[in-house]
Amino acid sequence: MAPVEPSGQYDFDLLVIGGGSGGLACAKEASSFGKQVVVLDFVIPSEKGTTWGIGGTCVNVGCIPKKLMHQASLLGESIQEARSYGWNIPDPISFNWESLVEAVQNHIKSVNWVTRVQLRDKKIEYVNGHGVFEDAHTVIAKMKNGKERRITAKDIVIAVGGRPRYPDFPGCKEYCITSDDLFSMPTSPGNTLVIGAGYIGLECAGFLKGLGYEATVMVRSMLLRGFDRGMVDLVQAEMEHKGVNFLFGKIPVKVSKQPNGKLLVEWKGGDEIGQGEFDTVLVATGRKALSEELNPSAAGLQVHPESFKFITNAEQTNIPNIYAVGDVLHERPELTPVAIQAGKLLAGRLYNGIQEQMDYDNVATTVFSPLEYGCVGLTEEEAINRYTENGIEVYHAYYKPTEFFIPQKNVKHCYLKVITLLEAPQKVLGMHFIGPQAGEVIQGYAAAIKAGLTYQHLKDTVGIHPTVSEEFTRVAITKRSGDDPTPQSCCS
Ligand code: FAD
């Protein structure tokens, strides 16, 4: 395909700032409609000096390395279980962090490479430069070698995502790492303190424990803010069962390095003070949008005063030719598929005449904790707030995955919940599931919810036996009834 000439007085039809999930999806879609596109992507090194290639957070320091390490941790568990299924496995088995990091990083590098090839094939220009606005149609790309390039475009899409936020206490930036550093850590993390109990903190603590390291989570107020509280209690109980320690109601006040090389963490909580020694301290206390670094005011762009994110209408900012997608959007889910879908649809609306808007409701997600918690739709608290306690029905059940019996795995926290409107036909408002492969289970039900799933549909669906997903087709006990939701037998 010959390069397409940009329309009008600009260098490009579309300039995308940020070569991550949302930016790349938008750029590729726009180029498929014959537009001339340039993508700027630049990674500012972390405080520890970690940096990575094109593809953004998900590929390099997010979903992908996280899922691979989660899988490594599950495999360790499976090897132990395999003995009870007749496998002769030498004791003790051992695990090598360096080998895992090498395998994970090799995979990431292959994805970086494929991404660059795709951009080249699609004739999308890739500039490894940090973009800063000069005006609403002009961005200065600052390269690593100090050179600058001035690029103009008719439309600009901001897809710069975010980076971990460092809390402010002595020694934090000097001695702590973030998720940006963990997946490429050259030596094993050892006994780790995770500060923060959002999904990233819990997932990291979960897989580290599964890989054989001591893991402690420091929780300021609550685990998994914004998720269904009843489900979160079970996530916590399961993590505790697996040996993850929790320090509740504590905030760090200082980290210092001891002569023995360990990190001494001092904390406080109410009137209490405490301290502990760790090999690694991982801060996971939220993420900061990279909007201010763009010098948005030069283009007349406004950001939300607290989140510093862009408030958009159909992904359009307050400046008509500038759009934003992904994690940099105010009050939108910070998830890869959300960024991708929004980026693709935006390109379709801009350059292919489609009308379809991004639907940010009923986006499914999973916490790989490591017994997974998958959910879609409203939490029980949100449903009560919106429809009152008498306006909804909550069906729930504990269940026993068949494969848990022989190795006598803990089934106490395998639980699901379906929240519906009380009134027939009992439209499903939310589905929550803790158990193996929860992400795989919930994905299909998310499509059903989009299609208008009701409780009657679930009842009419014949399950696949023996699976954990079939439990949603069998759930019949309401919370209101007060009946015992624990299962009596597996097959009746
Ligand atoms: P990003 O993917 O962050 O891409 C932005 C890119 O822009 C980056 O490469 C950045 O360096 C670059 N950039 C920034 N500023 C500039 C500039 N001025 N000029 C040029 N380039 C710039 N999501 C899920 O859906 N499932 C998961 O399981 C999951 N797990 C995660 C685990 C972790 C540890 C983390 C940190 C995140 C996880 N996420 C997960 C979230 C997911 O990674 C993000 O939602 C997604 O990457 C957002 O995409 P984006 O396009 O908005 O930004």
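Placement of Cβ uses the backbone N, Cα and C atoms for every residue, glycine included.
The model shown is predicted, which means the values in this text are computed figures rather than measured ones.
The domain 'FAD/NAD(P)-binding' annotation in TrEMBL covers 12-343.
Mapped onto three states, the DSSP output places Cys63 (disulfide bond) in helix. The disulfide bond feature in TrEMBL is assigned to Cys58-Cys63.
Marked as FAD binding site by TrEMBL: Lys67, Gly131, Asp327. Around the Cβ of Gly131 (FAD binding site), 27 further Cβ atoms fall within 10 Å across all displayed protein chains.
With DSSP classes pooled into helix, strand and coil, the tally for the domain 'Pyridine nucleotide-disulphide oxidoreductase dimerisation' (363-474) is 37 helix, 31 strand, 44 coil. Annotation comment: TrEMBL describes 363-474 as domain 'Pyridine nucleotide-disulphide oxidoreductase dimerisation'.
Positions annotated as active site, proton acceptor by TrEMBL: His465. Within 10 Å of the C-beta of His465 (active site, proton acceptor) we count 11 further C-beta atoms, all protein chains included.
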DSSP three-state assignment (helix, strand or coil) for Gly131 (FAD binding site): strand
Candidate with the highest Cβ count within 10 Å, taken from the disulfide-bonded residues Cys58, Cys63: Cys58
Site extent for FAD, whole Å (max Cα pair distance, Lys67, Gly131, Asp327): 30
By Cα-Cα distance, the member of recorded positions Cys58, Lys67, Gly131 nearest His465 (active site, proton acceptor): Lys67
Candidate with the highest Cβ count within 10 Å, taken from the binding-site residues Lys67, Asp327: Asp327
